[in-house]
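**Q** Supplied in structure tokens, the structure appears directly below.
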Amino acid sequence: MLWQGNQALRRFSTGQVYLKNKLKVALIGQSLFGQEVYSHLCKEGHRVVGVFTVPDKDGKADPLALAAEKNGTPVFKFPRWRVKGKTIKEVAEAYRSVGAELNVLPFCTQFIPMDVIDSPKHGSIIYHPSILPRHRGASAINWTLIMGDKKAGFSVFWADDGLDTGPILLQRSCDVEPNDTVDALYNRFLFPEGIKAMVEAVQLIADGKAARMPQSEAAATYEGIQKKENAEISWDQSAEALHNWIRGHDKVPGAWTEINGQVVTFYGSSLLNSSIPPGEPLEIKGARKPGLVTKSGLVLFGNDGKALMVRNLQFEDGKMIPASQYFSAGETSVVELTAEEVKVAETIKVIWAGILSNVPVIEDSTDFFKSGASSMDVVRLVEEIRQKCGGLQLQNEDVYMATKFEDFIQKVVRKLRGEDQEAELVVDYVSKEVNEMTVKMPYQCFINGQFTDADDGKTYDTINPTDGSTICKVSYASLVDVDKAVAAAKDAFENGEWGRMNARERGILMYRLADLLEENQEELATIEALDSGAVYTLALKTHIGMSVQTFRYFAGWCDKIQGSTIPINQARPNRNLTFTRKEPLGVCAIIIPWNYPLMMLAWKSAACLAAGNTLVLKPAQVTPLTALKFAELSVKAGFPKGVINIIPGSGGIAGQRLSEHPDIRKLGFTGSTLIGKQIMKSCAMSNLKKVSLELGGKSPLIIFSDCELDKAVRMGMGAVFFNKGENCIAAGRLFVEESIHDEFVTRVVEEIKKMKIGDPLDRSTDHGPQNHKAHLEKLLQYCEAGVKEGATLVYGGRQVQRPGFFMEPTVFTDVEDHMYLAKEESFGPIMVISKFQNGDIDGVLQRANNTEYGLASGVFTRDINKAMYVSEKLEAGTVFINTYNKTDVAAPFGGVKQSGFGKDLGEEALNEYLKTKTVTLEY
């Protein structure tokens, strides 16, 4: 490397020219954090002239030492820097020999003498994981959580002769999430942001811009080192204080108590904001009240009567188990290995031997951690097994729960066989005896393969529109829940099994899910009837039936997505090959409406999954239950954790966060034009995420006098009253040719009078309740507006006098183009009829197109030439000729103008969830 004074001109390895001032740095410390700081300093052009770290442990070098040695940087491994208070002469000489201008201490467990600290021209800077002067001392992260701080962070400060007392150079802070652990806080913020801050601090010093802000002693706190012996739980505290104590010691050193004469350490604490689940009592020494072993974990109680839940327990021998398995921990039998499983075990033994290089022979009794492995080795073990064992995806927790080699192999084999999959899914159902069956409905958020309460414990009532009664309370997702769901989807896409799965395997899972939807169609249709008011027979055929068809259709597309080769101009004498790749986008958000809850889910999520993306889906707040049932079935189908996430809640909170989230690459929305515009704006302002919008409609249906009138009446009614009029492509306005207008109206009214309005679960019902009370009230106001403007109310316009949200099918005539009814969508069972002059084809087309919407349209005529002319001139995404509502999974569906853009269904829908990459090579 070429140097002039303090300015690095060039790094020959990259050819990059550095224009900023650069320093000669001595790095003193250890760990993966130290290694990353070292690598980033080198990358930024600073010259690390020496690395001073700890000696090898059990024959293994520290990560910082490994990185420095690989890069040719001088490495010194001193067990200590001083003896009896005096600096060791040989150590001091070795340090001075490197000629550092600045000491950087990213993470250091050794005591460094002041003559070394003060030796460089610019002194020394240290990283400390708290917002100094709060939490001085070696267990700062622990105490941040133990004390219940709402803010965490770190400081980079100038070293002096005190304990974390030097002037502040810079600080960064973050919010503490309610269930953060030491590891979670460190990995999410303190580690990645700390590395950036250390590099930034060095550059500020090099540029002469580094601050020196004295610490306030008045605000200072100092806490001692947390060790196992002082981590015992004191039970006479509130639930929140107990939670903070447990998570403040998770994973190291581990908060513990005594159960049945044995020390048991608690991990994975969370506050329990919902009702206490049933369980088996467990006496705990010193606790005011026995704990409860439930299927979700161990419930503990504070002195304030509130509760928390612990997920995992560790015994004195190091064995860790799910807390839910406390009473059955010894019941798991040893499984016999097949020949293929023996090969996997042998491969894993080789991996263990590579990590535990200090252990001569890996035996069944070899303990991973007692043999010297660290948390960093856990990550390495999981990754090596994934790479060398056919993509087998373990979790870090699997290693902690089976630390002995024999136990670890047993866990691996059970995972290979899928034996633990069913046990992993815990579902708290709301059950109802209805429609001659027991309907079991999940009601919690579905995040990362698990049903869980909302982070803040909030719920809301979902209402049965048939009688206005509450079906159940549903989790009300918070911003924290949205972020968790997105993080799970991102991890599943980038690191999980889904991202490595080949397209055909993906298709198999989707076929399996379609089969499960079909097997459970009666239950799903019943839930749809309860939650949305859909007539059961229609729900069975359309809501559920088309959902099954959609998943089967897109399952078949999984292994047929392909790019193309493109002949390009050759630059002789070279030859080129150019081709395109169709690749998934990543994490996609899907926000669906309440009129077809499951079918809208299927239309969007099937294409999304077939393309290889992961998803976070927000169902409509008023109809969440079939989406949550779908989540349960996706687990049974074998979808990996994190691929599908369902977050019930409000559009203003959960929906808005999805549109703004920087890790989401695509948002698909079906709903109103007003909300669609807001979503599009948020998607653009956040990270320019791809958007597809299926929005409002005012679909015109033109009925000519030469039509087959019986068919036009029947299908015209279906165009308006299908699914209670809660249909995005419903005919919002009928144009009927003058010569048949009166007869058409008369026949429609006669047929309406034959319709049975009633319980959607009654097989003879034609017309069920509107979806929710607010929508019914809006429809009644719509009718009042029509009457005030002078339209003729021929039939209906009133609420049916019975419990629930029922409305009479309604017919208006004499609707003129300027009226509210002619312009605005009702989204209900309201037929709006306008007359047009005989033979005036162009005139009625002009009126039909005089709208900002363009979702669907229709025409009834026996004249094929007229039909084709009209279909060409109508400004809509779909045109129906002598039929209506005829959608198919293979035909693209979507609107134009303010009805949105992008397509659902058909091959075109796949393109909404794919990106095209062009690759050109020279040969």
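Quick reminder: no glycine exception, Cβ is built from N, Cα and C everywhere.
Quick paste from TrEMBL:
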type	residues	note
BINDING	Q110, F111, I112, D164	(6R)-10-formyltetrahydrofolate binding site
ACT_SITE	H128	active site, proton donor
SITE	D164	site 'Essential for catalytic activity'
DOMAIN	339-416	domain 'Carrier'
BINDING	592-594, 618-621, 651-656, 671-672, K778, 825-827	NADP(+) binding site
ACT_SITE	E694	active site
ACT_SITE	C728	active site, proton donor
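Walk me through the surroundings of each of these features.
**A** For D164 ((6R)-10-formyltetrahydrofolate binding site), other Cβ atoms within 10 Å of its Cβ number 21.
Under 8 Å, Cβ to Cβ, and six or more positions away along its own chain, H128 (active site, proton donor) finds R136, A140, F154, S155, V156, F157, D164.
Counting Cβ atoms from all protein chains shown, I653 (NADP(+) binding site) has 18 others lying within 10 Å of its own Cβ.
Remark: E694 (active site) has F669, T670, C728, L855, F893, G894, G895, S899, G900, G902, D904 as non-local neighbours, by Cβ distance under 8 Å and separation of at least 6 in sequence.
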**Q** Among the recorded positions listed here, I112, I592, C728, whose Cβ has the fewest other Cβ atoms inside 10 Å?
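**A** Lowest Cβ count within 10 Å among the recorded positions (I112, I592, C728) is I112.
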**Q** What are the non-local neighbours of K778 (NADP(+) binding site), defined as same-chain residues 6+ apart in sequence with CB under 8 A from its CB?
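**A** Correct list: G828.
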**Q** Whose Cβ lies within 8 Å of the mean position of the Cβ atoms of Q110, F111, I112, D164, the (6R)-10-formyltetrahydrofolate site, other than those residues?
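**A** Checked against the 8 Å cutoff, the neighbours are L105, C108, T109.
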**Q** What is the separation, in Å, between the Cα atoms of I653 (NADP(+) binding site) and I112 ((6R)-10-formyltetrahydrofolate binding site)?
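**A** About 50 Å separates the two Cα atoms.
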**Q** Nearest to K618 (NADP(+) binding site) by Cα distance: which of the binding-site residues Q110, F111, I112 is it?
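**A** Nearest in space to K618 (NADP(+) binding site), counting only the binding-site residues, is Q110.
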**Q** Would you pick out, from the binding-site residues F111, F827, the residue whose Cβ has the largest number of other Cβ atoms within 10 Å?
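**A** Per the Cβ count, the most surrounded site is F827.
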**Q** Here's one to test understanding: among the binding-site residues I592, Q621, Q656, F827, whose C-alpha is closest in space to the C-alpha of Q110 ((6R)-10-formyltetrahydrofolate binding site)?
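**A** For Q110 ((6R)-10-formyltetrahydrofolate binding site), the spatially nearest of the binding-site residues is Q656.
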**Q** List only the single closest residue to I112 ((6R)-10-formyltetrahydrofolate binding site), chosen from the binding-site residues I592, Q656, F827 by CA-CA distance.
**A** Q656
**Q** Pick from Q110, Q621, Q656: which of these binding-site residues has the biggest number of other Cβ atoms within 10 Å of its Cβ?
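**A** Result of the Cβ crowding comparison: Q621.
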**Q** Could you put numbers on the helix, strand and coil content of the domain 'Carrier' (339-416), residue by residue per DSSP?
**A** 49 helix, 2 strand, 27 coil
